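See structure below.
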Amino acid sequence: MPHSYPALSAEQKKELSDIALRIVAPGKGILAADESVGSMAKRLSQIGVENTEENRRLYRQVLFSADDRVKKCIGGVIFFHETLYQKDDNGVPFIRTILDKGIVVGIKVDKGVVPLAGTDGETTTQGLDGLSERCAQYKKDGADFAKWRCVLKISERTPSALAILENANVLARYASICQQNGIVPIVEPEILPDGDHDLKRCQYVTEKVLAAVYKALSDHHVYLEGTLLKPNMVTPGHACPIKYTPEEIAMATVTALRRTVPPAVPGVTFLSGGQSEEEASFNLNAINRCPLPRPWALTFSYGRALQASALNAWRGQRDNAEAATEEFIKRAEVNGLAAQGKYEGSGEDGGAAAQSLYIANHAY
């Protein structure tokens, strides 16, 4: 086997590892506020608000104006390109607001999913062209981590070996390019919850996908201590008739991770995948109470599951902004507890927190 030339210096490795550990410090997770313009259209239309740049700015301001209470439960915020260069009402750049709280800034760098020819409707993710230059610029502008999402779906014939291999390689290329530019890559191979498959089938597919991802990361000489993983929890398909407990979901999820994710990885930041706010918190809590040894931090990287109640409270009205921000802080604190296995539940069976946030065939 030929010698592998060191891709990163000791200093570069230390910087990447330190950033990753800051993001997933105990009780901390990630706010995913990186919805594209198209995704924001869906969010805003739900509350009857027009999808303009100004309305998107006002909504992001609701989230980013949260006070210092979020410092103990939010370790990182993922921005969308547009948001990275927007300012609050006082002319302070959003990125400065987040950095001043001691929270790490991240950026979504993929350019969306595209069809993978020769498959049954499967996809790969585009955005590698010019990625190195974009990462260098984002690093200068204050971002220290990035996110790239690949999507796989479960059916009788999918995910195919081709889709698994292609997406694993794309994630590895992205991760390698990020690290060369001092940016911690969050690797996101999302297996969609669409379908009627049971828990066992999701666990099997999750194991196969994660095994392929870590093989690719190894092939591309990616420094695992300077990465984070953003996977789906192992859950049944949305149309599955069987209902599973949070404990069953936790056991299946932790088992799949233990079989595939090296202990060198500092943290696993779960996506919420259309679960309701409460469901996402209960499941994360159960995962952190799972009786199996867990060498990584197991925390959250939630979008809708941190924002749904805030969005509902805001409804595009300036007068509601403060109340909406409070709703966001409440969810952030709950998930900070769940990330430590300390969440006892709010007793809220109704309201926005219990609403399913599922969107079929979810594309950002």
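A Cβ is built for glycine as well, from the same backbone N, Cα and C atoms used for every other residue.
Note that the structure is a prediction, hence the values are computed from the model and not measured.
Copied from Swiss-Prot, the annotated features are:
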- Y5: phosphotyrosine (MOD_RES)
- S36: phosphoserine (MOD_RES)
- S39: phosphoserine (MOD_RES)
- S45: phosphoserine (MOD_RES)
- R56, K147: substrate binding site (BINDING)
- K111: N6-acetyllysine (MOD_RES)
- S132: phosphoserine (MOD_RES)
- E188: active site, proton acceptor (ACT_SITE)
- K230: active site, schiff-base intermediate with dihydroxyacetone-P (ACT_SITE)
> So what sits near R56 (substrate binding site) in its own chain, CB-to-CB under 8 Å and at least six residues off in sequence?
Replying inline: V37, M40, L44, E82, T83
> Where K230 (active site, schiff-base intermediate with dihydroxyacetone-P) and E188 (active site, proton acceptor) are concerned, what is their Cα separation in Å, rounded?
Replying inline: 5
>> I need the least crowded one of these modified residues (S39, S132), counting other C-beta atoms within 10 angstroms of each C-beta.
In response: S132
>> Going by a 10 angstroms cut-off between Cβ atoms, which of the recorded positions K111, K147, K230 has the sparsest surroundings?
In response: K111
>> What does the structure give for the C-alpha distance between S45 (phosphoserine) and S132 (phosphoserine)? Integer Å is fine.
In response: 35
> Three-state secondary structure of the residue listed as 'active site, schiff-base intermediate with dihydroxyacetone-P' from DSSP?
Replying inline: coil
> Within 10 angstroms of the C-beta of S45 (phosphoserine), what count of other C-beta atoms is obtained when all protein chains are considered?
Replying inline: 11
> Checking the recorded positions Y5, S36, S132, E188, which are within 10 Å of K147 (substrate binding site) at the Cα level?
Replying inline: E188
